[in-house]
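Peer 1: Handing you this structure, nothing more for now.
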Amino acid sequence: MDPAVDKILAGKYPAKQHARRVAEALKAAGQDGSGVIYLEGTKTRMAEDSDEAVPFRQRRNFYYLSGCDLSDSYVTYNIDKDELVLYIPPADPDEVIWTGLPMSAEEALKVYDVDVVLPSTEVNAQLAHCCANKDSKPKRVYAIPDRVCPETTFLPFDDTNWDVLAQAIEQCRKVKDEYEIALLKRANEISAQAHLAVMKASKTAKNERELEAIFRSTCLYYDSRQQSYGPIMARGVNGATLHYQTNNMDIDDPVTGERPSLLIDAGGEYRMYASDITRAIPLSGKFSPEARQIYDIVLDMQMQCFGMIKAGVAWDDVHALAHKVAIKGLVNLGILRGSEEELFQKGVSVAFFPHGLGHYMGMDTHDVGGNPNFADPNPMFKYLRLRGTLSPNEVVTVEPGVYFCRFIIEPYLKSPELSKYIDSAVLDKYWKVGGVRIEDNLVVTQDGFQNLTTVPKDAEEVERIVQQGVPAFVLVSINDI
């Protein structure tokens, strides 16, 4: 782990700085630069027909302005006074005997970058207090619709604005500060260890679920207690399903005994910040000729896209380049036929690369602010989660892929207009590959990028790691004790 990251993360999460940025964003959106920002954290919620609570996940916008991962909490930012107040649950004697004492206000003030910490029972009183001085009271409170509990009252304010706060926070979240980038880098460092553990164990694994268990346990060992999303461990044809998550198929082919490639798309989360990394692994220790050919195309797609990444570049153009590289590679293999320009204009490559090249990343894996247009009539751009130009300190994924999904490709084969562009006889050799995707996480800079992802992706290096063949899992039986 990078000591420079440790040094940055030794400080507090910059909630006060974020609050000021959001206030500036509100002003830029036409607000008068006055008022109170109000946000609520996630409430404790019980599972249906159970006395267990639903697993807790903090609201991202609340965390952005508080850095607080406690349930049933609140935060206010008085723009006029530049005062950030955190409200946390007081001790409940009935709960203390089960879960221990909660964090005190004094402890919270040392942990969180806020000016004041108060019990959550004082929220309404403090909102009223903001308006006590009629000469200097904030006239407006900013809140997010459907994110305010019925017990909260904004009656002391002249106006409640429900329209601009969420968008202002999302605009600020697009551009990461040094602390956030350090969190994302640490999440990547941990996930790199987990990916390597899966690579090393993959040659002896018997089932996809074993590899998921290794990934999750390695993340937990390094203090990543949540996954950014459900891990994808897709052997062979399962890799053609973009978000396959069954993760329970035996590795060896039941007929031939062959061990195909594995598409692993998995990332641990660190202190609310995500990672999103994808690799393809030869489970036998060596890629099949067909899998290696597709792997080389996808890696070429990614590397050529890397050459475009910098501030001011239109993401649509980077995505289009990925398709052009894919077309060239598939033509060279004989899967596609025709001129490369005609294939691009007809969108034939969408049959093999149906998703967008990447997305913003931060507290959410598919982070906010990407401005997608899922109604775009052009199928090549319909599923792009990011539209527009890149800016410094935005964090994006670059994740090209080539897939052999019958559900997606067969309509092209049946199309009177498009079937002529695909050689089905050549294609038949590649169905078993399933899919190959290679994904890294990049910080955009003025002149290029910083790659946060360190998982090996050179094909020969990946094969060498897999060939080490360490045991996937050593289970201890009760009979061995």
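Cβ coordinates come from backbone N, Cα and C, glycine included.
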Peer 1: Since Swiss-Prot lists D265, E439 for Mn(2+) 2, which candidate among D276, D447 does it give for that site as well?
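Peer 2: So, going by the record in Swiss-Prot, that would be D276.
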Peer 1: Quick one: which of E394, E399, E410 does Swiss-Prot put in the Mn(2+) 1 site with D276, E439?
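Peer 2: That Mn(2+) 1 site, as Swiss-Prot gives it, pairs D276, E439 with E399.
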Peer 1: Other than its own, how many Cβ atoms are within 10 Å of the Cβ belonging to D265 (Mn(2+) 2 binding site)?
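Peer 2: I count 24 other Cβ atoms within 10 Å of it.
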Peer 1: Within the chain of E439 (Mn(2+) 2 binding site), which residues six or more apart in sequence place their C-beta under 8 angstroms from its C-beta?
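Peer 2: In sequence order, D265, D276, I277, T278, R279, G358, T397, V398, E399, T453 meet the Cβ cut-off.
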Peer 1: For the recorded Mn(2+) 2 site formed by D265, D276, E439, name the remaining residues of the chain with Cβ within 8 Å of the site's Cβ center, in chain order.
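Peer 2: Other same-chain residues with Cβ inside the cutoff are A266, G267, I277, T278, T397, E399, R437.
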Peer 1: Reduce the DSSP letter at E399 (Mn(2+) 1 binding site) to three states and note it down.
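Peer 2: DSSP call for E399 (Mn(2+) 1 binding site): coil, neither helix nor strand.
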Peer 1: By a simple count, how many Cβ atoms lie within 10 Å of the Cβ of E399 (Mn(2+) 1 binding site), its own Cβ left out?
Peer 2: 24
Peer 1: Taking the Cβ of D276 (Mn(2+) 2 binding site) as the centre, how many other Cβ atoms fall within a 10 Å radius?
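Peer 2: 26, counting other Cβ atoms within 10 Å of D276 (Mn(2+) 2 binding site).
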